[in-house]
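Novice: Handing you this structure, nothing more for now.
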There are 2 protein chains.
Amino acid sequence: MFYLVGLGLGDATDITVKGLDVVRRAKRVYLEAYTSILTVGKEALETFYGREVILADRDMVEQASDELMADADTEDVAFLVVGDPLGATTHTDLILRAVEKGLQYKVIHNASIMNAIGCCGLQLYSYGETVSIVFWEKDWQPESFYDKIIINREKGMHTLCLLDIKMKEQTIENLMKGRPIYEPPRFLSASQACQQLLEIVKRRNSEKMTDSDLTPDTICVAVARVGASDQKIAVATLAEMCDVDMGSPLHSLVIPGHMHPLEGEMLKLFAFSDHVRKLLETIEKR
Amino acid sequence: MFYLVGLGLGDATDITVKGLDVVRRAKRVYLEAYTSILTVGKEALETFYGREVILADRDMVEQASDELMADADTEDVAFLVVGDPLGATTHTDLILRAVEKGLQYKVIHNASIMNAIGCCGLQLYSYGETVSIVFWEKDWQPESFYDKIIINREKGMHTLCLLDIKMKEQTIENLMKGRPIYEPPRFLSASQACQQLLEIVKRRNSEKMTDSDLTPDTICVAVARVGASDQKIAVATLAEMCDVDMGSPLHSLVIPGHMHPLEGEMLKLFAFSDHVRKLLETIEKR
């Protein structure tokens with residue numbers, strides 16, 4: 001059996017009892033290590049599981065599925081994914097390849113940022129399309145995520161913004177010369193994401209604004225290390241959030257749409273400033 | 001500490017290791033028993049946890065939070081919720097009451113149908129607003145869920161439809177006479193939900209149809225007992241799904257929007273008929 005096991009979001013103990021049982025008896029245990037990270041490293045997982053864990057990078061998962069799935073017709077192989085195997089990162093391609101090989105597969109679900117974002121108090125029902133905010137480069141500054149946020153807001157929906165992760169990047173020089181030298185991983189922070197959003201707001205300032213457009217005073221929610229013991233949630237305006245330090249990765253951002261008074265009341269628990277607290281109070285009264 | 005612990009979706013072993021640890025050392029353990037069910041009963045949980053579990057119905061949770069949270073300032077109290085505590089059912093009101101009482105709280109996340117629905121192969125990113133399909137009564141047949149599905153489809157988004165659960169219902173007679181006699185729980189099945197949708201399609205037949213409207217040939221996805229060992233996924237047309245038996249509860253339904261070829265390929269794994277398989281093949285070729 002080929003098992004796709006979700007690890008949840010916090011630390012080693014966020015695996016389910018069912019998932020841990022699979023890990024402990026599997027012949028080989030892989031950890032998908034390129035779309036997300038736990039706040040604890042591979043070694044902490046190995047200690048907790050009492051098992052060797054093989055890091056699987058994108059090349060291995062996308063190109064070496066024969067190796068990954070070897071013997072999975074007669075033995076159990078576990079493929080661990082931070083969050084849920086079919087959550088923020090969708091490993092459906094891996095399932096399709098397993099089925100093609102005639103293998104049986106099983107998904108062991110766990111919390112994903114896609115549902116654990118409920119921790120900030122905005123109702124999961126009321127989220128529209130999820131967007132990804134990418135690192136802007138000097139000559140590549142896409143704005144499509146902004147447009148999607150606005151489309152959600154036009155319908156009163158909240159937007160979960162997943163923030164870019166750059167693992168195993170190569171400089172152009174190293175890439176050209178074929179040198180397997182990689183840059184340190186980079187994680188887009190909530191404040192960086194807000195700086196990019198604010199930049200878009202400024203660029204579009206001359207265009208006709210609607211109520212759905214963002215302004216420096218739009219309420220935003222940043223979350224960091226959801227599920228971990230040092231989880232942090234901050235509610236601030238877009239302008240304020242540009243300077244909020246959420247600490248180490250991973251961060252995510254939510255741009256609320258229409259808020260129910262109860263949602264406003266929950267957000268107030270995490271208010272970063274008196275200013276945003278007052279803004280939230282006007283929502284409650286509406 | 002007041003803990004809100006997600007149980008995940010399948011059986012007793014879908015709790016996380018962290019959650020199980022809380023349950024085993026908490027002074028009291030409550031199980032929220034009115035918005036969802038596990039495929040296993042309270043007794044199976046008690047056996048697995050080695051702890052007594054107190055059933056908490058809606059009245060208790062909404063009106064007796066003093067009792068529920070008693071001593072949570074000095075002791076650990078665990079409140080168990082099927083799925084995620086802030087997932088399909090949002091217990092933010094409970095968090096607000098805990099904070100009001102000056103209590104500390106912690107959420108232990110787990111899989112919810114809101115993310116585990118990824119099991120059918122449609123990308124979580126591409127879901128719009130989640131809708132609830134309610135049991136139609138003779139004189140109460142709302143259609144608002146249909147309109148929300150169409151709004152999602154107009155933007156190419158999928159719609160997760162949560163299906164109605166009736167726990168602790170009273171007949172009007174028993175209610176009037178104040179007799180605490182309750183009807184057996186009822187769970188809207190995927191086929192019943194599709195019958196209601198098809199009825200709406202028929203009623204609106206005379207109106208101007210768009211590509212986003214449902215027809216008897218619209219592809220639907222039904223899931224049952226997600227995460228349990230007898231999980232079932234079926235992909236059929238709306239008309240076909242009216243007769244598909246998904247077995248015991250809980251069921252959910254997905255009405256896809258625009259599908260990516262890879263999503264179509266995954267759905268084909270669960271095709272109920274040659275007819276729907278052929279419809280899916282036309283998507284892949286698009």
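Going from the start of the chain as shown, residues are counted 1 onward.
Backbone N, Cα and C define each Cβ position, glycine as well.
Annotations for this protein, taken from TrEMBL, read as follows:
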type	residues	note
BINDING	B:LEU9, B:ASP84, B:GLY87, B:SER112, B:ILE113, B:LEU163, B:VAL226, B:HIS251	S-adenosyl-L-methionine binding site
DOMAIN	B:1-241	domain 'Tetrapyrrole methylase'
Novice: Quick one: give me the count of other CB atoms within 10 A of the CB of B:ILE113 (S-adenosyl-L-methionine binding site).
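Specialist: Around the Cβ of B:ILE113 (S-adenosyl-L-methionine binding site), 24 other Cβ atoms lie within 10 Å.
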Novice: For B:SER112 (S-adenosyl-L-methionine binding site), write down the residues of its own chain that are at least 6 apart in sequence and whose Cβ falls under 8 Å from its Cβ; none is a fine answer.
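Specialist: Listed in sequence order, they are B:GLY6, B:LEU9, B:GLY83, B:ASP84, B:GLY87, B:ALA88.
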Novice: Going through the binding-site residues B:LEU9, B:ASP84, B:GLY87, B:SER112, B:LEU163, B:HIS251 in order, which have a C-beta under 8 angstroms from some C-beta of chain A?
Specialist: B:LEU9, B:ASP84, B:GLY87, B:SER112
Novice: Would you identify the secondary structure of B:ILE113 (S-adenosyl-L-methionine binding site) according to DSSP, in three states?
Specialist: helix
Novice: Have a look at the binding-site residues (B:LEU163, B:VAL226) and report the one with the fewest Cβ neighbours inside 10 Å.
Specialist: B:LEU163
Novice: Ranked by the number of other Cβ atoms within 10 Å of their own Cβ, which of the binding-site residues B:LEU9, B:ASP84, B:GLY87, B:HIS251 ranks first?
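Specialist: That would be B:ASP84, with the most Cβ atoms nearby.
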